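Trainee: To start, I am sharing the structure in question, which I have written as structure tokens.
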Amino acid sequence: MNLELVLATLDSLSENGDKLDPRFYKSVISLCISKGALEDGIQLHSHIVKIGHQPDIFLENQFLNLYLKCGDIGLALNLFNGMCRRNTVSWNVMIAGYCSNGWFLEGLHLFRMMLVEGMLPDQLTYLSALKASVGSGDPKHGQQIHSHLIKTGLLTSVRVGNALISMYAKLSNLEDAEIMYRNMVEQDVVSWNSIITANAQNGCNYRALTLFVEMKKEGLSADEFTFGGVLKTRDLMEVKQLHAQIIKSRLEDNVFVGSALLDAYAKCEIIQDAYLIFNKMSSRNIVTWNTMISVCVENDQVDKSLQLFMQMGEQGIFPDEYSISSLFKAIATHSKIEEGKQLHALAIKVGLHTDALVGNTIITMHSKHKNVCDCQKAFESISELDCISWNAMIQMYVENEQFEQALTLFNEMKYSGFDHDEFSFVSVLAACTSLSWPRMGKAVHGNLIKMGLVPDAFVGSSLIDMYAKFGVISDAKQVFNKVEHRDLIAWNSMIVGFVQNDNGNAALKLLSSMWEENVEPDNFTFAGVLAGCADITAIQQGRQLHAMVLKSRIPADTAVANSLITMYASVGSIKEAEKVFSKLMAKNVVSWTAMVGGYAQNGYAKEAFELFEKMKNFQVKPNGITFVALLTACSHAGLTEQAKMFFHMMEFEYQITPDVEHYACMVDVLGRAGRLKEAEELINKMPHEPNALVWRMLLGASRIHGDLDRGKRSTEKILALEPGDSAAYVLLSNLYAAQGNWEGAVGIRRLMRENGVRKEPGKSWIEVQNQVHQFMAGDFSHPQANQICSKLSELLVKMKVAGYIPQIDSYFHDIGEETT
């Protein structure tokens, strides 16, 4: 039937005053529904109204059906509200239409309004209402409808029982699904399929297989949906047995079963069998192709996934949002920039870039490639943003170090009607941490407490990391203690937090607690604790950890080996560091740098330079930290010209722009050599503002070489940057004292007190019989304090006899100051 011709004929007849049989209108509207012809339907409706024909309730219900199937909720609602009389079918059409358009809560509201108006729901009403309950994601709606069904007596319907099983399963309430199944008066194949699928969806694959066996014993034949449910298993033997039964049932050519089967083999990591099944399939639909592409993506076979995508197009299968989003994920992971651009262009061409699923993966892909502009365009192109879209953009800004934009978008998300979830908060906590905004971080923490998300391990780990980096380790520990189900990341975050805050002893104790709670450490755990051992020079505990690493499955991990090198070098055991380095097969730039730094730290400048030459021979490109290690080696060995050579090399040979730490090293090198004027000139020529560390190096050199004027200038600069820096006051005071200017020294100490600055007591650690002891200047609380002081006096006498003369020009002044 030609709709245009029909409508033209209707207009002609109406002009002549002819009337048509209402049944004709019903035939035309049915044709509009089947073709999804919304505009033609609207024209037909207008024609009926224009000629004064009063549509009966059947015809009005048909128009409702058309408008809802074409997605025009507004037109449908206007017609529904204007109807003189509504029957059960009218309500059913509206509730089902709302559900098919994703308006689940509105559909449930209509169901309640239907009851209020005294209309009696039928089986179809309840089936639509149950579908709406699933869509709402709130179990209480389904439970209320279940209660209504008990009162109506419709619960005996097999169709209703199956729908209830499906609803409870999709809302992760397997217990009620099982109860519903057991209480059914009659069960059909759909009932068995529903409960089998319910168990499979909730991870109870063994129970699903048991039900499958029981179903066969009952004499029922499995269909494609039965096999689709049981094929969720990850047991290869079971998959092969099911495969044999599929062949026996002659369902191997079924597209639905074939897709489920190749997915099952892929989950068992038997990719070749998945390919064989795919290639043997006589017919493939979009789901089959998407499944195979997804299998390739999940198994890092990105080139194969791209090849399949091309073949799919060649065979006339049009890609959908799932095909394209899978490929974007693969491209993002493997940094295939050109392929990503081409796929993005294709998504725009076919109009899929506006879909949230596709748009979100486009954002993720461009974010990995540091392309902020294209991320913003992709975000703005999405027709209906979802929570994932906002989170992807916030995360993108964080990954690209645009932290303030991330916080701005976080606020916009809320004003746009989207609730923040744990992923939103984790990203914004990272932004607060990077910006060093503790007040904002605290405010975010407050919001998390209000939302009840703090006990969550995922969010808790981010809070621990934030507080640790802000130096508030007590707050980090409080969060850690409140996390109910601590995962490995939470433990690692706390261990690293202690190490970052110079509390390696606490990191070691936490590792012991971790073992007590039967949490298995991983490479990040060992790397963190080894860093703690390095900080407190706990060589014996470090060796024990090394032994544990060798016994575990982590010996080949480069990150752990690098931490071992650093730990052994930090405690002066350079030979053991060399052993770890030489045995490490997969050396990266961090490995080489750690060993170069170890030599430098222990005064082996020649060995550090020789290893650097080897590093270059192995085509390993040094980084900025490598040159810090080399400059440190030069400083300890007094090799000023060699240091200048390395400083020049890093910028002009390796295109590494020197940062503040490199300049601090050079100032230290020149300062140790007594070239203070040259050191100060270098600071003044720095391309960026020198920090307190750089000036502190010059102050230290001024103290050693007795340059009071330069020391004063350096102190002024330090205190302008860090007013609470006690070391600057102490060094300048000692500089005055070294020159016999006790009045100046006392004046500096007085100024220090007036400004509320206190000298932080010195700390040290020593390991004896596998126990780490901590000492602090002026603290005599150690149980063996008397014996220790006696031994120190004995050693001082021996030092004097050996000819060592202590530098005491500022010693008595320091002691007097610290005891007041």
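Positions of Cβ are set from backbone N, Cα and C atoms, glycine also.
What TrEMBL shows for this protein is this:
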| type | residues | note |
| --- | --- | --- |
| REPEAT | 21-55 | repeat 'PPR' |
| REPEAT | 87-121 | repeat 'PPR' |
| REPEAT | 188-222 | repeat 'PPR' |
| REPEAT | 285-319 | repeat 'PPR' |
| REPEAT | 386-420 | repeat 'PPR' |
| REPEAT | 487-521 | repeat 'PPR' |
| REPEAT | 588-622 | repeat 'PPR' |
| REPEAT | 659-689 | repeat 'PPR' |
| REPEAT | 725-759 | repeat 'PPR' |
Trainee: Going along the chain, which residues at least six beyond the ends of the repeat 'PPR' (588-622) come within the CB cut-off of under 8 Å?
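Mentor: Distal contacts: 558-559, 561-562, 565-566, 568-570, 572, 574, 577-578, 581, 628-630, 632-634, 636-637, 639, 642, 650, 654, 656.
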Trainee: Do you know the DSSP helix, strand and coil residue counts for the repeat 'PPR' (285-319)?
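Mentor: Its residues divide into 26 helix, 0 strand, 9 coil.
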Trainee: Over the span of the repeat 'PPR' (725-759), how high is the average pLDDT in this prediction?
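Mentor: When the pLDDT values over the repeat 'PPR' (725-759) are averaged, the result is 71.
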Trainee: Provide the three-state DSSP residue tally for the repeat 'PPR' (188-222): helix first, then strand, then coil.
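Mentor: The breakdown for the repeat 'PPR' (188-222) reads 26 helix, 0 strand, 9 coil.
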Trainee: Mind checking how the repeat 'PPR' (386-420) divides into helix, strand and coil residues in DSSP?
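Mentor: Grouping H, G, I as helix and E, B as strand yields 26 helix, 0 strand, 9 coil.
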